[in-house]
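Quick look at what Swiss-Prot lists:
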ACT_SITE  H1296  active site
ACT_SITE  E1298  active site
BINDING   322-333, 402-404, A705, S910  ATP binding site
BINDING   D706, E745, N749, D908  Mg(2+) binding site
DOMAIN    1063-1301  domain 'Glutamine amidotransferase type-1'
MOD_RES   T619  phosphothreonine
MOD_RES   T622  phosphothreonine
Amino acid sequence: MAPVLHFYVRPSGHEGAASGRVFRRLQEKLPTLQSVETELCYNVHWAAETLPWAEEMKKLMWLFGCPLVRDDVAQEPWLVPGSNDLLLEVGPRLNFSTPASTNIVSVCQAAGLRAVDRVETTRRYRLSFTDHPTAEMEAISLAALHDRMTEQHYPDPIQSFSPQSIPAPLKGSIDILAEGRPALEKANQELGLALDSWDLDFYTKRFQELQRNPSTVEVFDLAQSNSEHSRHWFFKGQLHVDGKKLAHSLFESIMSTQASSNPNNVLKFCDNSSAIQGKKVKFLRPEDSTRPSCFQQQQGLRHVVFTAETHNFPTGVAPFSGATTGTGGRIRDVQCTGRGAHVVAGTAGYCFGNLHIPDYNLPWEDPSFQYPGNFARPLEVAIEASNGASDYGNKFGEPVLAGFARSLGLQLPDGQRREWIKPIMFSGGIGSMEAKHVGKKPPEPGMEVVKVGGPVYRIGVGGGAASSVQVQGDNTSDLDFGAVQRGDPEMEQKMNRVIRACVEAPGGNPICSLHDQGAGGNGNVLKELSDPEGAIIYTSRFQLGDPTLNALEIWGAEYQESNALLLRPSDRDFLSRASARERCPACFVGTITGDKRIVLVDDRECLVGKTGQGDAPLTPPTPVDLDLDWVLGKMPQKEFFLQRKPPVLQPLALPPELSVRQALNRVLRLPAVASKRYLTNKVDRSVGGLVAQQQCVGPLQTPLADVAVVALSHQECIGAATALGEQPVKSLLDPKAAARLAVSEALTNLVFALVTDLRDVKCSGNWMWAAKLPGEGAALADACEAMVAVMAALGVAVDGGKDSLSMAARVGTETVQAPGSLVISAYAVCPDITATVTPDLKHPGGKGHLLYVPLSPGQHRLGGTALAQCFSQLGEHPPDLDLPENLVRAFHITQGLLKECRLCSGHDVSDGGLVTCLLEMAFAGNCGIEVDVPAPGIHALPVLFAEEPGLVLEVQEADVAGVRQRYESAGLRCLELGHTGEAGPQAMARISVNKAVVVEEPVGELRALWEETSFQLDLLQAEPRCVIEEKQGLKERTGPSYYLPPTFPVASVPCKPGGPVPRVAILREEGSNGDREMADAFHLAGFEVWDVTMQDLCSGAIRLDTFRGVAFVGGFSYADVLGSAKGWAAAVTFNPQAREELGRFRRRPDTFSLGVCNGCQLLALLGWVGSDPSEEQAEPGQDSQPTQPGLLLRHNLSGRFESRWATVRVEPGPALMLRGMEGSVLPVWSAHGEGYMAFSSPELQAKIEAKGLVPLHWADDDGNPTEQYPLNPNGSPGGIAGICSQDGRHLALMPHPERAVRLWQWAWRPSPFDVLPTSPWLQLFINARNWTQEDSC
């Protein structure tokens, strides 16, 4: 048996702060705990017959250790327990290979360590107590130190990764012919198939008619393919409500909305995503995506793609993993639209129960509520689910630009408890596709069936059926665990590149059809792909991550990061070359047959004769052999008989002396209302360079934007907008009103981006409801009817969506239902992505005037509002969109004012009511307000806290009369409420109702209240001292001051530059994700830009002799599993071809390089920057030993990924790319998890600074270098943000200037920067081009 080698690593630097967080968490439960120490253990499966030789051991030690610390890796543990110590080791369950292992193995392969085939990382803790620890203390410690769903305790070091050596035998066929339905009932129970009584009868009868018994695999397959999750029986079924048969199914009703909207859908209800008619745009693409080649500018018609789905059950069981795979699955839905689409950006939403944050009292949360052991607690969901979705997007390279977060746990007047025990994890995605790739081609006999993506693992077996269980918790916990998946964004990124290579293929896209793998695994996706022609599939042709998988697991596992496609045999070579270049597996698993059947052949068990002497081969088994029409064809409608169950209503009873200020003390802290900074700061909001509007606005980057806007190309101001609407708490009172409000909220958010026309707006409708429990199915039907009616009145339509109809969980003997929820994602084409208005007030000092346009004028209903929830009630009558025509008129007028640039800011009235809307605009603008709301005869509380839909606008004084007249002439009310006040820390909010002052308080104090819940959550997910520093800073800050010195050069590129155009290689590695925006920046500056991969360099496919520049791009090479850019550095250092090529390039005096983010981390590891300037820099020698760097980029001091619109100051120095920019103070995107500049010694740092080799510093609001968080997002000493070589040719930066070369990419532009003709950051790239033209080069 091959050995498992152990490498123990002690933490160094501030990463040891993790021990402090563990200590704080444990000491609450274990007061005698004295200290916590940690170490990591890399458990390496060494598959060679002999142990590593000396050179291989050196490589392993370098990979696992810290380059700045000698002897921090050992093969014996550093931590040894004493008599009062507990030594605990925890790590991943071994039934699957983790994504971290996959990436570490890839790094080892790149370093030439071919014998490494699995590496799992465990964490070891030494807990020291005052006395000898008890077994109970050990149990408490273990529970706190690991996630029992995905991890386990290791009492002893791992000795083997192989639980068994051969596939587990399959059970025999299900004997329906002899036993009838009971045989199927038994299989249903044992396999967790979630078949209901109708299913059991139907399949028993079908197999009796066929006169054969189904195999175990076939029964499993049918359960997944025909589960509620996959078939949507309820929405397509025949519904009877209170004895009355509905004329149409819900699905038919939803489709009918298309009749009242413009016919601009190019895809609807028929593909992995929907799509609407786009615009012609110019864009860059490589000349040949299978080899290194030059980017060329092209033009074509690009459509807008949108999809949305939820991943609720897996997220409830294992929040981080469930959310990663929910995000990954939705990304694949975008990828697989038509014959391949471009992923652009995502949206995210979370609904969870009462948080019960330790030592933070939210008085509406009932402390007596119990929670089940088989679901994660709401607090864990809020933090870990958002961590999972954020981490996946960050590593894949998809920005998240909009979302929602909502909490509810409430006892209704009838005694029922409603709470999101089973949470909602919502993921939406917007993308683009070429018009010529809209239609999938039908399968034809002889076509190749191909799986692209990760290998098969025993992951997510039965997820489609498991998520369809009527009440979660009725399945066994083992089966629930088996249905949870794990995400590998690195693999998905590689797979995305293969699909993009096909989409951009010079000879035309070879993909004929494409589908993503999700619920039901291979069984579902390969049937869908081959329908109706049929296919034969061979188990031996799949790449297995685990050789012990049996046929059922190969066929049914929902392992992630896998797509299936069809192509003609003549295109096989193209796909093989593209996948090899991107290092992504592509398995040709079968062919289209034309016999209308799906057949799985388990040919792994086909032996060549028993004696090996040429006996006739055994017939391989066929675990699946089904008629496709029988499985996928039109099935009989299921019938559902539903009864309405009117809610028990109770008038809202607020404390009699409740003041507006006291109400705000609660409402501003409710998660649905409060700041979402804890979500936005940890997710990349700029990657890809196509983001025109993300969540954060104003000088303090407050997360309040109503709409997300993206470009269809870097080179155009044409794009798309999307906005969300959801009001589930109101559904507990009136499902119809809740549906109307969801639609209206999506549109009052979308209205602040300029779109082509209201009737062009299309929507994804996602339904999360416990529809099969008493009263809930009828409530959903009512909500659907209301949504259809209001959309017809508005002229918008649904073109896609998903449903999740088992939104209930068992808590003891009680069934706890979640509120019925409809999430509307509206999207449309933007003819001008720069014509967007944000909520932040922009004209302080009385120059901004505030107008209010109520859409249900005269109404002030409080039912289901944030105010009611904050007093543990619902009330009776919810807000509503009484007059849809008001919204139509308001939408058109607001859009016209956007075109005319007459609106300065705008925000919709929603959760928290009018007072929250006004205060949020003040918070975002860091600006005071003075307003008076006229509402004669109405008490201040309903006036201010009712959530009736409406708009609040800021206009300048000269436009007040004209804007009011526009709305009022259309029959709408438009009230002038007041004006802005002073800006900065002294800003005051003075709010009156009917001339009586109800709020008079500093904006900063109210904002601190609104931010408090977010900061409490942040304290649990980031380094507390950083959180406290940011909290304090918000109270004192005025906002950044940008500066361009008079000597700053005017950015200009000759249209036809003389002489040869200089070449720059955009160099990327596995996991890089910042290459396209980097290519755009250099192209804009006049370079000939080439797409080059590390695989190209390592294979000798290209040489760098003709290139003047190399850009090392941002991202997560190898997911940064062994430290930032460590894997990339290993590939450069240990591959002779790459080492020689880059070494020769560096030695040439006529070359330059730019390393950004991951590229910056790489240049530091390679020693291109950060080395001792007084010593001649050595390069890796022929013995391929790594350079000893002087600088290492370590984890941010906050302990998490940081996404910020930060400020930097450009310093004098030799950096050629920053010439003429010295003295500038500029904003720039920053997005990284490991940006802390750790020098080998303070002396080295001082030398580097003295030589002027630090050309960029993080700057405070006064433009001075800073270490203050988050102005310095990573905590680097002295505020260092960039570093260059002595000769200035090599520049390494942690921020992303390539994401800010176009002004529409900027997150905030104060005057006078709002009228600049070009972005100052373009000059950085122009400087590089100008340098290449100098005679000295």
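Heads up, the Cβ atoms here are built off N, Cα and C, so glycines get one too.
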Inset, instruction - From the recorded positions T619, E745, N749, D908, H1296, pick the residue whose C-alpha lies nearest to the C-alpha of A402 (ATP binding site). - result: N749
Legend entry - CB within-chain contacts under 8 A for D706 (Mg(2+) binding site), separation at least 6: A723, T748, N749, L750, F752, T838, P839, G906, H907, D908
Legend entry - Residues flanking the Mg(2+) site, with Cβ no more than 8 Å from the Cβ centroid of D706, E745, N749, D908 and excluding those residues themselves: V707, A723, L724, G725, A746, L747, T748, L750, V751, F752, H907, S910
Legend entry - recorded positions (T325, T622, N749), the one with most neighbouring Cβ atoms at 10 Å: T325
Inset, instruction - Name the one residue among G322, A705, E745, H1296 whose Cα is closest in three-dimensional space to that of T619 (phosphothreonine); these are the recorded positions. - result: G322
Legend entry - Integer Å distance between the CA atoms belonging to E1298 (active site) and T325 (ATP binding site): 29
Inset, instruction - Name, in the order they occur in the sequence, the residues of the same chain whose CB lies under 8 A from the CB of H1296 (active site) and which sit 6 or more residues away. - result: S686, G1074, E1077, G1114, V1156, C1157, V1228, W1229, S1230, A1231
Inset, instruction - Between A705 (ATP binding site) and E745 (Mg(2+) binding site), find the distance joining the two CA atoms and give it rounded to the nearest Å. - result: 13
Legend entry - Spatial neighbour of G322 (ATP binding site) that is closest, considering only the recorded positions T622, E745, E1298 and their CA atoms: E745
Legend entry - G328 (ATP binding site): secondary structure state under DSSP, collapsed to three categories: helix
Legend entry - Nearest-integer angstrom distance between the alpha carbons (Cα) of T622 (phosphothreonine) and E745 (Mg(2+) binding site): 53
Legend entry - Spatial neighbours, same chain, of G328 (ATP binding site) - Cβ under 8 Å, 6+ residues apart: Y392, F396, G487, D488, P489, E492, Q560, E561
Inset, instruction - List the residues of the same chain that sit at least 6 positions away from I331 (ATP binding site) in sequence and have their Cβ under 8 Å from its Cβ, in sequence order, or write 'none'. - result: V343, G346, F396, E398, G429, E492, N496
Inset, instruction - Just jot down the residues in the same chain as E745 (Mg(2+) binding site), at least 6 apart in sequence, with C-beta under 8 A of its C-beta; none if empty. - result: L724, G725, E726, Q727, I824, D908, S910, P949
Legend entry - Listed in sequence order, residues with CB under 8 A of E1298 (active site) and six or more positions away: G689, G1074, E1077, M1078, D1080, A1081, V1156, W1321, F1325
Inset, instruction - Restricting to the domain 'Glutamine amidotransferase type-1' (1063-1301), report the mean pLDDT as a whole number. - result: 95
